[in-house]
């Protein structure tokens, strides 16, 4: 859009960017994630500018890069062609910029530029790499400055409720209890469905449950709410968990230690809240698994070499494994999951694409693709649901939403909530809640 004629849109764009700076400067991991998204977004927008608009942008930001002269270009023409793999037909119209090599490490890594005496000769098509280097430096510095100023800003109660949990917020479908499919999935179907349609994170939990006949609290929460979201009723959930856990314990111990938590997740105990399954963002950004845990995101929390081995053992093709690992190394864990989806499902129809933001969305898309159904268009009559609009409303004196912690109790101190989330078994958890 033209900032000269759309001042209001420009104001929204700038304001939203600085709100996100405040929300994503709280840890090094959040800073790295936000920086990568901003760089990708900037590259997309810059490449959509015309040549004149790009030049106007450079001048406005004091980036005085000018193309080399025709004489200099002619003197090194063969080197320029060899470095970029270009042919003579395109060289007449291609402009090159002479910049210090330290500004284009990414192009040097990919061998796309000619180097001579400390300078890189960058074609106009790759000009964005120069600009991104400056943007990365400026934004990294700005995030560090914002991080230092944040304690003072959080004293303003106008900002704190908005910033709290913004980096973990999920605005898509909440995948709570589905009235149209509740009871359609039974405990006997889970093995089959896990092989066909579970995302890798839920396959990992299911396999661990079958192998160990037990899951620790983090795994039970993540997997149990996922199963609830795909349509497993409370009765079938009790059957599934009890059948598996009783291979390691008697029924009395299961009823005492675990059945209450299962009923609690379905809104039948405690404050009777209808807890919703975890989104990808929540799984990736919070409660990282420790030793003996099986929850979390395999693309985020598994060593890269071990992850590649797991993918190969799952009979994923070499190209898809390399693609997924490339996304993981770049911090794009949901794109890696999408690559896994593409490797384990029939090709999507032309013009159709998916983006994975929720394990239950992965499951729904898988069932749709395997059944051959057409993808529905967006439901414009139903805007995205924010945490404030979910069925589990917080009390008026508590700014936290249920989606930030499924074991959260109203008015509990944050230190106490942290301890609750680390409990091993539900009897310990419930005893602490009672106290």
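Keep in mind that glycine also has a Cβ here, set from the backbone N, Cα and C atoms.
Under the heading [4Fe-4S] cluster binding site, TrEMBL lists 201, 280, 297, 337. The compositional bias 'Low complexity' feature in TrEMBL is assigned to 391-410. Residues or ranges marked as domain 'DNA primase large subunit C-terminal' in TrEMBL: 193-363. Annotated region 'Disordered' per TrEMBL: 370-435, in sequence order.
The record gives 201, 280, 297, 337 for [4Fe-4S] cluster. Within 8 Å of the mean position of their Cβ atoms, the other Cβ atoms in that chain belong to 199, 200, 283, 284, 298, 299, 300, 333, 334, 356, 359. Annotation for residue 297 ([4Fe-4S] cluster binding site): spatial neighbours 201, 280, 283, 284, 333, 337, criterion Cβ-Cβ under 8 Å with sequence separation of six or more. Among the binding-site residues 280, 337, the residue whose Cβ has the fewest other Cβ atoms within 10 Å is 280. Neighbour density for residue 201 ([4Fe-4S] cluster binding site): within 10 A of its CB lie 26 other CB atoms from the protein chains shown.
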